[in-house]
Amino acid sequence: MNGEIRLIPYVTNEQIMDVNELPEGIKVIKAPEMWAKGVKGKNIKVAVLDTGCDTSHPDLKNQIIGGKNFTDDDGGKEDAISDYNGHGTHVAGTIAANDSNGGIAGVAPEASLLIVKVLGGENGSGQYEWIINGINYAVEQKVDIISMSLGGPSDVPELKEAVKNAVKNGVLVVCAAGNEGDGDERTEELSYPAAYNEVIAVGSVSVARELSEFSNANKEIDLVAPGENILSTLPNKKYGKLTGTSMAAPHVSGALALIKSYEEESFQRKLSESEVFAQLIRRTLPLDIAKTLAGNGFLYLTAPDELAEKAEQSHLLTL
């Protein structure tokens with residue numbers, strides 16, 4: 001297992017000290033409409049496998065239920081999950097920043113976050129073994145969702161096994177598709193673990209649903225979400241706008257927390273990983289973009305409601 005895995009590279013658009021607004025990405029995927037139904041991801045556990053997290057950030061501290069360090073940062077201390085890069089803190093905020101104290105809100109503001117530090121240093125890189133151990137730890141902790149905005153060029157059998165084992169245990173595994181794209185649907189760019197069929201691979205679009213040129217193309221892309229100029233939390237009580245498929249993936253992880261919570265209440269039972277995935281795909285809008293780039297389309301949490309409304313209107317018109 002030579003080589004390393006890295007955070008999916010991202011662009012820092014700006015850093016901001018003081019914020020009190022709902023990020024555009026949260027609005028355009030229709031998360032607030034789910035909140036209006038009383039669904040905010042309560043009792044859903046999301047493991048964030050990344051560069052760690054600023055656990056004292058006011059928008060995050062009440063959502064974090066624990067964590068573990070698998071890197072050699074801080075002498076490898078298991079409870080040292082500080083974020084020396086900012087990437088992990090930003091991803092965590094998009095998933096579940098609390099909505100009750102100003103600042104920003106994440107997609108699922110009442111979901112619980114397990115911080116699994118698998119990427120170290122200021123540049124956010126890690127060994128395959130760290131990622132594999134992090135996935136296995138998240139499964140042991142009985143999380144509902146694993147969110148990974150990381151990837152590498154190598155298809156490592158042990159990594160695939162860890163992912164398959166997570167899915168077998170009912171965990172939804174979400175991964176950023178990667179930023180090696182060239183905007184051409186015919187050329188494939190593969191980043192692992194996103195390129196594994198078992199993973200929910202997320203590409204990036206703008207909030208106007210235009211494809212991000214950097215978003216990877218391949219046959220395993222499942223859907224796209226906002227990944228450009230995404231406002232979220234950064235270390236030291238700051239906020240910032242970042243760009244990349246790294247920012248798109250946590251929108252889907254947060255959305256899955258809402259969907260799982262809502263649908264299990266509706267069905268009055270636990271849903272399997274494949275059942276929750278089916279409910280996610282119901283909540284997408286097809287785009288006029290090749291499936292190798294956009295998969296099933298754009299994450300849109302109210303899609304079933306709007307379809308039902310249209311059907312009702314056309315039914316009335318035919319009466």
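Counting starts with 1 at the first residue shown.
Backbone N, Cα and C atoms are what each Cβ position is placed from, and that goes for glycine too.
Remember, it's a predicted structure, so these values are computed and weren't measured experimentally.
Among the features that Swiss-Prot reports, active site, charge relay system is placed at Asp50 (among others), with the record citing sequence analysis. DSSP assigns Asp50 (active site, charge relay system) to a strand segment in the three-state reduction.
Under the three-state DSSP scheme, His87 (active site, charge relay system) falls in the helix class. Summarising the annotation, Swiss-Prot assigns active site, charge relay system to His87 (among others) and lists sequence analysis as the type of evidence.
Residues near Ser246 (active site, charge relay system) in space but far in sequence (CB under 8 A, at least 6 apart, same chain), listed by position: Leu7, Ile8, Tyr10, His87, His90, Val91, Ser149, Leu150, Ala176, Asn179, Gly227. Per Swiss-Prot, the feature active site, charge relay system maps to Ser246 (among others); the stated evidence is sequence analysis.
Annotated domain 'Peptidase S8' per Swiss-Prot: 23-307, in sequence order, evidence recorded as sequence analysis.
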Once near-sequence residues are set aside, which residues in the chain of Asp50 (active site, charge relay system), 6 or more away, have Cβ atoms under 8 Å from its Cβ? Leu7, Asp83, His87, Gly88, Val91, Ala92, Ile115, Val116, Lys117, Val118, Leu119, Gly124, Ser147, Met148, Ser149, Leu150
Going by DSSP, is Ser246 (active site, charge relay system) sitting in a helix, a strand, or coil? helix
